[in-house]
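Annotation source TrEMBL lists domain 'Nodulin-like' at 8-251. For 340-558, the entry in TrEMBL reads domain 'NFD4 C-terminal'. The transmembrane segment annotation in TrEMBL covers 72-94, 100-126, 138-160, 166-185, 206-224, 236-256, 354-372, 384-405, 417-440, 452-473, 485-504, 535-554.
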Amino acid sequence: MAGHESRKWMILVATIWIQAFTGTNFDFSAYSSELKVVLGISQVQLNYLATASDLGKALGWSSGLALMYMPLWSVMFVAAFMGLFGYGIQWLVILGLISLPYFVVFFLCLLAGCSITWFNTVCFVLCIKNFPSNRPLALALTVSFNGVSAALYNLAAIAMNPSSSHIYLLLNAFIPFITSIVALVPVLRQPPVDPLPSDAIKHEQLIFIVLNFLAAITGLYLLFVHSTDSSTARFIFAGAILLLVIPLGIPGIIYARDWSHRKVFSSFTLEGSRFLLVDADDLEFHKEFLSRENSQINVTSYGNGPTLTLSLTRIIGTGGARDEGCCGKIIGKDQLFMLGEEHKAGLLVKRFDFWLYYLAYFCGGTIGLVYSNNLGQIAQSLGHSSMTSTLITLYSSFSFFGRLLSAAPDFIRLKLYFARTGWLAIALVPTPIAFFLVAACGNEVTLQAGTALIGLSSGFIFAAAVSITSELFGPNSVGVNHNILITNIPIGSLVYGFLAALIYDNNAAAGAATFAQQMSDSVVCMGRKCYLSTFVWWGCLALLGLVSSVLLYFRTRPAYERFEQNRRTNLLD
């Protein structure tokens, strides 16, 4: 049993490594300016390459299909080879060793982006399979490390060659492949999954507390400890790797603990521990909730018959005072009856709540991702080219902290329960503030503060979205439904990026900026006006997403409150 437990935690550490080194799309802005010059393309065409990388996310369903016919380890290596080929060939292009037409480079970006979704699928499957009792905590922790990839790659690039931006492409090609080789043994030696007793579940939760603490230290280290000197950066990068290796001690600690319990403390018992995140009975209720197959069964097992119906009528109403006026009708019409009701794709696209959720994600997390893709050109246009690596590290680190914070509702639910859609609305607040702040004042401090706020907000949204999709539209359909949701990423990347690129190119061509500089066949725009209108537009769109998320919260709050009330009632029975 101790061996099985140790292997399970080794799998979690391997998943952390995979996520930490496969968020390769976050460093696109580090080499995008050089790629633009080498290819001799416009800002609009460069935006299409960024969109191609994001378009790979829309092909994430292919990894699920592959898992039906291929073992997990082979899917991981297919992802590694896609990244190796996609980024490796781009590296040869940017070095000038080979010359390829634009549409081939577009395909390479698409292939590289697809590799990221395949890696994510591998990580999700490993967490879900090996941590069924603490699935949200495992997912939130591992997904968080995907947000710190750019900071790690930035350190590695400075350590190797601080004057070269194309080194990022070389690192993007080989590091995920090397990580896959290192993670192969834990993936192959997955232990059998047995139901855990309540004390083992509590112990698991304690370990997750420790791992989140170590993750926070890692994020703070990458945020505050940095250098532009190559030799110093090597020591800092070594320290970051050490922080990623430290969790490997957990399997050994678990084995030693179990051995000591068997050999030394077998005559002692520890009763009445008051540390728990989720009660064991609550977990059993949650499992029952997840296993329901249709809404009729859900109603029977979830509620209390007529009492639930009466309660629902009082909360939602069919024509009472709460439904008076336009706002009341919008909030009350076709509300979700309960959490966890399964929605097939056909039903999903007919739900008003889904489109509110889609719009909130589209104008929140997606717009933050597009901002990160444009960081290189934004810093260049404002005369802060030397800050590009710093901005990438800021966005990456705060995206990491945002993802970590997405686990907060699960940690504090016994003390403070708040609908997860409400947390989503709160997480969207910093985005419009950041865009208007950067539009009003483009100095270094403002740019750094805005980048940090956008990274924090988008990171939270990315990590929380899987749980929200599962709760609102059913856990059994989450694979299909979440892939439908994230189709807004390539769409948003195209629309928002095209808007920014069009304004950028028009300002450069018309000379509306401070000055426009011709470099090879590529036009570079300099001055605040290059992105001023873009920031205002993005800020207004982010406000629209915030309004959509608030409306979604009011529409789903009764279902969340009903679920929590019945959960507490169930615990008391």
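Note that Cβ sites are derived from N, Cα and C of the backbone, with glycine treated the same way.
For the transmembrane segment (72-94), the list of distant contacts is 18, 22, 24, 31, 34-35, 38-39, 63, 66, 100, 105, 108-116, 118-119, 121-122, 125-126, 166, 169-170, 172-174, 176-177, 179-180, 183-184, 187-188: same-chain residues at least six beyond its ends, Cβ to Cβ under 8 Å. Here the transmembrane segment (206-224) has long-range neighbours at 9, 12, 134, 137-138, 141, 144-145, 148, 151-152, 155, 239-240, 243-244, 246-247, 250, 254, 275, 277, 393-394, 396-398, 400-401, 404, 407, meaning same-chain residues at least 6 beyond its ends whose C-beta is under 8 angstroms from one of its own. Beyond the transmembrane segment (166-185), the same-chain residues lying 6 or more positions past its ends with a Cβ under 8 Å from any Cβ of the stretch are 14-15, 17-18, 21-22, 24, 27, 30-31, 34, 73, 76-77, 79-81, 83-84, 86-88, 90-91, 94-95, 112, 115, 119, 153, 156-157, 160. Beyond the ends of the transmembrane segment (138-160), by six or more residues, the same chain brings 12, 15-16, 19-24, 26-27, 30, 120, 123-124, 127-128, 130-131, 167-168, 171-172, 175, 208, 211-212, 215, 218-219, 222-223, 226-228, 230, 233-234, 236-237, 240, 372, 389, 392-393, 395-397, 399-400, 402-404, 406-407, 410, 455, 459, 462-463, 466-467 to within a C-beta distance below 8 angstroms of the stretch.
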